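Trainee: According to TrEMBL, the protein carries these features:
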{"type": "TRANSMEM", "residues": "95-114", "note": "transmembrane segment"}
{"type": "DOMAIN", "residues": "97-436", "note": "domain 'Major facilitator superfamily (MFS) profile'"}
{"type": "TRANSMEM", "residues": "134-151", "note": "transmembrane segment"}
{"type": "TRANSMEM", "residues": "163-184", "note": "transmembrane segment"}
{"type": "TRANSMEM", "residues": "190-208", "note": "transmembrane segment"}
{"type": "TRANSMEM", "residues": "220-239", "note": "transmembrane segment"}
{"type": "TRANSMEM", "residues": "259-282", "note": "transmembrane segment"}
{"type": "TRANSMEM", "residues": "328-348", "note": "transmembrane segment"}
{"type": "TRANSMEM", "residues": "368-391", "note": "transmembrane segment"}
């Protein structure tokens, strides 16, 4: 313990927090701490002022009856430059966190699609039809949508890192079980459960980026993470197709590759990614202050609300539907993304018919036809920083304006590509034209 703090505690006693803070006179300790009764509003970790439900002057909050607001100290960040705040991290630390968290999105995208490349081998071993075996991929994607509804409340309760680490570890377990499945009845539930727990990085990395970057920086941070997430589902067929046609290794190595990647990514998060969720960090700070002063009046706003986890889960599950039916822009953008995902993931099985059955490609060569998609994602990845800096230079400090121009252009090009690909289909041998 620091010498000045120890002397003050010995002089005033362990619970004389006001006198201790006055004696220590340490900006790093005092900043961000304020009596709850001093104001009807509380400054949160992001600088916004909000009213805590039930806290009015000296009244005891209905949601936290055991606390006396007259003597509470609300703990916050030590000003705008506090290094505890992830938004003040160094550029290198932000980018390394971005890279690892973005890789989790690539991993779960990989896990969702790699089974689609070995449908032929799976149906032969299990003795089922192609449609039944394709359910392994379909159920994984359905589970992604279901699990996404409950992932966010957990990350806002225990923090981002525990959600990443625990769910990815469970993903490894069910992926292993799927690889060892003796029949289709065992494989399908394990694939569903793997997708259910594997979806959390896709849902949570957006929260991690919001924790680290300010609104302008998110302009390039989010597209980079999204690009990595889209690369995963279409890198997997390039590897899985060659595993499927190999005579040296089993088709089940598609699952073993996923398990190995999940282990590497989980280890990277465990050892190299610090916690980013502000309320959790402030909770640790408040706990530290309670320990060194033996005064339990140090609290964070997060602890005062005490909203049950089940209530947050219900709110999280209903929020997407409320936004979809009440916000027309959200509805149209959701429909647009649904169409994009249908087209892209339809190619996972459609390319086997187009290039395998029509043009006679072998299984490995069909996987290589996804190079075009991955090239498109990488081009978008390279353009994002240039677009961001050009936008920032032109806008300066002006208010935010919608930026839907590139999305509108790509939507039109996607429709043209699908029409052109169908137009030059079976009637022409120019498979490369259709692929482009």
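Each residue, glycine too, has its Cβ placed from N, Cα and C.
Annotations in TrEMBL come from automatic prediction, not curation.
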Trainee: Is the transmembrane segment (259-282) packed against any residues at least 6 beyond its ends, judged by a Cβ distance under 8 Å, and which are they?
Mentor: 45-46, 75-77, 84-86, 96-97, 100-101, 103-104, 107, 110-111, 155-156, 158-161, 164-165, 168-169, 171-172, 175-176, 179, 207-208, 211-212, 300-302
Trainee: Sequence-remote contacts (6 or more beyond its ends) of the transmembrane segment (220-239), Cβ cut-off under 8 Å?
Mentor: 98, 101-103, 105-114, 116-117, 202, 205-206, 209, 212-213, 254, 257, 344-345, 348, 351, 366-368, 370-371, 373-374, 377-378, 380-381, 384-385, 387-388
Trainee: Please give the sequence-distant neighbours of the transmembrane segment (328-348): residues at least 6 beyond its ends with Cβ less than 8 Å from one of its Cβ atoms.
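Mentor: Residues 113, 116-117, 137, 141, 230, 233-234, 237, 370, 373, 407, 411, 414, 418.
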Trainee: Can you tell me which recorded stretch out of 95-114, 134-151, 163-184, 368-391 has the most Cβ pairs within less than 8 Å of the transmembrane segment (190-208)?
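Mentor: Per the Cβ count, the answer is 134-151.
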Trainee: Out of 95-114, 134-151, 368-391, which stretch touches the transmembrane segment (163-184) the most, going by CB pairs under 8 Å?
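Mentor: That would be 95-114.
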